[in-house]
Amino acid sequence: MGAPGLRAATAALGLLLCAGLGRAGPAGSGGHGAPGQLLDDDAQRPCPAACHCLGDLLDCSRRRLVRLPDPLPAWVTRLDLSHNRLSFIQTSSLSHLQSLQEVKLNNNELETIPNLGSISANIRQLSLAGNAIDKILPEQLEAFQSLETLDLSNNNISELRTAFPPLQLKYLYINNNRVSSMEPGYFDNLASTLLVLKLNRNRISAIPPKMFKLPQLQHLELNRNKIKNVDGLTFQGLGALKSLKMQRNGVTKLMDGAFWGLSNMEVLQLDHNNLTEITKGWLYGLLMLRELHLSQNAINRISPDAWEFCQKLSELDLTFNHLSRLDDSSFLGLSLLNALHIGNNKVSYIADCAFRGLTSLKTLDLRNNEISWTIEDMSGAFSGLDRLRQLILQGNRIRSITKKAFAGLDTLEHLDLSGNAIMSLQSNAFSQMKKLQQLHLNTSSLLCDCQLRWLPQWVAENNFQSFVNASCAHPQLLKGRSIFTVSPDGFVCDDFPKPQITVQPETQSAIKGSDVSFTCSAASSSDSPMTFAWKKDNEALQDAEMENYAHLRAQGGELMEYTTILRLRNVEFTSEGKYQCVISNHFGSSYSVKAKLTINMLPSFTKTPMDLTIRAGAMARLECAAVGHPAPQIAWQKDGGTDFPAARERRMHVMPEDDVFFIVDVKIEDIGVYSCTAQNSAGSVSANATLTVLETPSFLRPLLDRTVTKGETAVLQCIAGGSPPPRLNWTKDDSPLVVTERHFFAAGNQLLIIVDSDVSDAGKYTCEMSNTLGTERGNVRLSVIPTPTCDSPHMTAPSLDGDGWATVGVVIIAVVCCVVGTSLVWVVIIYHTRRRNEDCSITNTDETNLPADIPSYLSSQGTLADRQDGYISSESGSHHQFVTSSGGGFFLPQHDGAGTCHFDDSSEADVEAASDPFLCPFVGSTGPVYLQGNLYSPDPFEVYLPGCSSDPRTALMDHCESSYVKQDRFSCARPSEEPCERSLKSIPWPHSRKLTDSTYPPNEGHTVQTLCLNKSSVDFSTGPEPGSATSSNSFMGTFGKPLRRPHLDAFSSSAQPPDCQPRPCHGKSLSSPELDSESEENDKERTDFREENHRCTYQQIFHTYRTPDCQPCDSDT
């Protein structure tokens, strides 16, 4: 019953009571009581004539009173003076009402809070709503010490400035005023008691920070204000708040942490605002939230992690918003949600797993959306809703229902499909819902063909007839008839008015910026207008460029075929996705397969590696990054391969997610070209960067002092390392080196060769190497000792004077017979000419005698590099020297694959020269190589020559000192029963004409004799036996200067050793196979065999050319 009815009943009851009591009167009174007075059974309880009395309530409302009735009964506990014209209160009229606790002065003409006098301290509830109060003054309220409820609604209060006095107030209502500003701390004196605060329908536009320090407040209402933004921590201090209502404020922005501190709040109502997005930022801290009402907003997006802090939510209202899609993360984390209301949105897309996490959901309201495509074409949209009881899908423009549309809804009890013009339902579309109790379906558009025959029987079996109103629209004979009135035989399939897809769109790949088209066709027997649509990733394409065609196609009757072409211009990466065509008419829609479009773009570099020069030991950093679609893979190569020295040593680092390639502790072997390759399915691009490593100069080998005999060749080594390769300069005794015709530099000044050394050459030689990083110096001391005396004058090399140099020749003393106990050393000094002998794979030059090159150029790291011929500048500055070899002799190749290269000094550089494949093209190791030159260093060098045979065979040649031909004898030990044959076969004799014709004229010969000795006759390690005379001679080349012509009589004759007696040589011809092949061409060549005391002499003619004045001479040594 309403308030007016209650008041009427109360008044009627009061009149009856007054009339009855007035007639009865007290016993013996003899008359009536005072008119207008109410008396109870125990005593008289007077009630003013203008009021109504009911229990402890005195109701004087709606009497147009301008002053209080007088007198008021003292028993009044509740006094209602609302809806009068009171403008002031007479305190004297209330002073005797000591029991008064509740006063209602609503809708009067009061302009201030009235003073009720002494009884104010007893008042618990004071209602002053609907007056003209414009201020709340603390002094006006101080007397109400027991006040618990104060209603100041519907007044003219415009500001809340002066703080409330300390009261026991629990309920404060200041609704529908003109409050536009509030002072922080205004309610602080009510902090311990206030439970409910209502500030609805005011003009509040902002809430000041720390406005509400009310730890006991449970309910706060701010509806219908003008709050547009809510800053973070706005409601801090309301730790006990249970509900907050901010409806109809026009809120557009909720900052992060807007509701932080409301950890106990359970209900939040934000309906009728302008929020556009739900994010976890403004929901932060709402850990106990149970209900969230967001209807009538403009929400169009739910961020993936929005519900991270609201996982206890049980009811969510999102009705009347702008949601168009529900993604698989839209409700992630809401496992306790019981009711979800998304009605009256624009939802057209529901992801397959959109509801999968809602395991407790019981009610899902999706009414008045556009999810027809989700129901018609997708399966599993409602999977995961294991406890769903009610599903409302009315008004969603659903036209057909597939068999899998409601997969997973096994517990559904209520399904509402009303308001949809459903045309077809696949067989057993509802069969999996075993607990279904209500199915609401009303449609008049059904296609009553053979595929719908199951529906009437199933509805009847489940007693759903009262909820289903369905009639046929096709065929024409059944149009308008209820499906329950059509016999099963009436559902036939004579045609197919619903479109049937005949041409499916095809999956494609395209380059960014190109044009793409998809084609789709469908056929139908109906002439109903056809509509075409395209979807991308299950969402309708708006404003798509389409071309639509229609034509007749005969196939057992007249059929119409419809074709739609989707054209995509200048495709971008955002164009990627799955495209599907939807062709519809009045009878339903058909959906094509989904064709995938992939957009590719050739990679392009955003960071290109740059050339880098860095010191050894530092860290190299190369950057490389590329973009493309799909994202390109970055790969690195070094010098075209994947062999990284830094990788083997675990000094290389490539971060998969980084753009930087690191090499720590850079070394010389890291030098090279590094290639960065970016590759994807569209192609690949590469960029190169050169890494240069700088290293300070250093000595790769220790500097060794040298001791040579006067007249010998001295070779000083300074093998330099560094990057860039250092420049070398030699000084002698801390002074610039005076370069003479006897000084030669080789291998980039790493070798200093002094020919025909003299005592004046002795001293301290300093090698200074320098590059851009620094300078390094080292000293070598050269000692020159006088020439040792020899037993035979024939062993002494003829002297050379400076005027006789035509070719820089080297005459080396060999076969020195010294005191018993001194070692016998076979030493060969060989300086080869610059003309390359073709049998050693060296190109011959024409007639000009130039110095030969060092066999292999030594790089700064001491490794063998390519040959470099030509002139180089000496470090002294102005003087130029030709790069020459420390060995000047010929190398005699052995064509059966065995051979050895010998040199004329004891330097390691000569040993390295032996490994040059251009000079010694054989296979194997050399064995010991004996170097002549230093009489005090007879030790052999064990050298492996990659191109030489493993059979150590020595080619010994005589040095020609004058223009004659002399006959030399070469001795070899007799190792077996056939020494001559084996020794002669072991000597690598050259092709006689090929070797000699390149240097000497064919009209002169040279005889060589070989002695075959007993095995004990020669010992390389212990020296000669007494009485054994041997010679070690070499056939020398030139350095480009003419030799002085020596005296002919110096070698005119030679003595036969006393122990050389004729011995039989088994009658075998021991000449070289090559010499045999040349015997017919050169009849001057002859072989002479003699055997003397187990020694054989092999004599062969060499045609040699030294100078035009050379005379042939036959000499026996």
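In case you wondered, yes, glycine gets a Cβ from its N, Cα and C as well.
Remember, it's a predicted structure, so these values are computed and weren't measured experimentally.
As recorded in Swiss-Prot, the features of this protein are as follows:
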DOMAIN    444-495  domain 'LRRCT'
DOMAIN    603-692  domain 'Ig-like C2-type 2'
DOMAIN    697-783  domain 'Ig-like C2-type 3'
REGION    1019-1093  region 'Disordered'
REPEAT    75-98  repeat 'LRR 1'
REPEAT    99-120  repeat 'LRR 2'
REPEAT    122-143  repeat 'LRR 3'
REPEAT    169-189  repeat 'LRR 5'
REPEAT    216-237  repeat 'LRR 7'
REPEAT    240-261  repeat 'LRR 8'
REPEAT    264-285  repeat 'LRR 9'
REPEAT    288-309  repeat 'LRR 10'
REPEAT    312-333  repeat 'LRR 11'
REPEAT    360-382  repeat 'LRR 13'
REPEAT    387-408  repeat 'LRR 14'
REPEAT    411-432  repeat 'LRR 15'
Overall pLDDT of the repeat 'LRR 7' (216-237), taken as the mean: 95
Long-range Cβ neighbours of the repeat 'LRR 1' (75-98) (under 8 Å; 6 or more residues past either end): 45, 56-69, 104-111, 114-119, 122, 127, 130
Counts of helix, strand and coil residues, the domain 'LRRCT' (444-495), according to DSSP: 23 helix, 12 strand, 17 coil
Top partner of the repeat 'LRR 13' (360-382) among 99-120, 122-143, 411-432 - counted as Cβ pairs under 8 Å: 411-432
The domain 'Ig-like C2-type 2' (603-692) - residue tally per DSSP class, helix then strand then coil: 7 helix, 51 strand, 32 coil
For the repeat 'LRR 7' (216-237), sequence-distant contacts whose Cβ falls under 8 Å of one of its Cβ atoms, 6 or more beyond its ends: 175, 191-207, 209-210, 243-262, 282
For the repeat 'LRR 14' (387-408), residues assigned helix / strand / coil by DSSP: 0 helix, 5 strand, 17 coil
Tally of residues which DSSP labels helix, strand or coil - the repeat 'LRR 3' (122-143): 5 helix, 3 strand, 14 coil
